[in-house]
């Protein structure tokens, strides 16, 4: 279920807006994730003590991790579906070290969509949203396939 060239262009155009402030977008994505799905916070030893949104907004560690997450995702998106080399180590660490269920990747995908809608409404119409959702689904499906190869039932 790949994306067309036009869909990838839409995804990468809006991703250019994200790259202008990776740390800020990443922090917003993680805050959205943790607010919508508080159980996900337990997977982050560095952050699980943080309870309030104000604490999250003031956390440099959270901001740095948001930057790391979106930098990695941007590298994957730029491969336009040809991301085997990027997916393999990510799946390995998320399955064996962090034990992140696929469901949590769905949750963070929802958070990404929400943040893009709120920060870039004029650049995130239905066509762009649809393309981004498909790109994130492709990413999740490929991570899930690697999880299966690794014997992780996440």
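Every residue, even glycine, has its Cβ placed from backbone N, Cα and C.
Feature annotation from Swiss-Prot assigns domain 'Globin' to 2-148; the stated evidence is sequence analysis. Counting residues of the domain 'Globin' (2-148) by DSSP class, helix then strand then coil, yields 117 helix, 0 strand, 30 coil.
The feature phosphoserine is assigned by Swiss-Prot to 4, with similarity to another entry given as support. Residue 4 (phosphoserine) has a Cβ environment of 10 other Cβ atoms inside 10 Å.
For 65, the entry in Swiss-Prot reads O2 binding site, with the evidence type similarity to another entry.
If you look up Swiss-Prot, you'll see 65 marked as nitrite binding site, on the strength of similarity to another entry. Sequence-distant contacts of residue 65 (O2 binding site), defined by Cβ-Cβ distance under 8 angstroms and a gap of at least six in the same chain, are 26, 30, 44, 46, 47.
Taken from Swiss-Prot, the feature phosphothreonine applies to 68. Residue 68 (phosphothreonine): 13 other CB atoms within 10 A of its CB, across all protein chains.
For 94, the entry in Swiss-Prot reads heme b binding site. In sequence order, 100, 143, 147, 154 make up the list of same-chain residues 6 or more apart from residue 94 (heme b binding site) whose Cβ falls under 8 Å from its Cβ.
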Here the Cα-Cα span from residue 68 (phosphothreonine) to residue 4 (phosphoserine), rounded to a whole number of angstrom, reaches 27
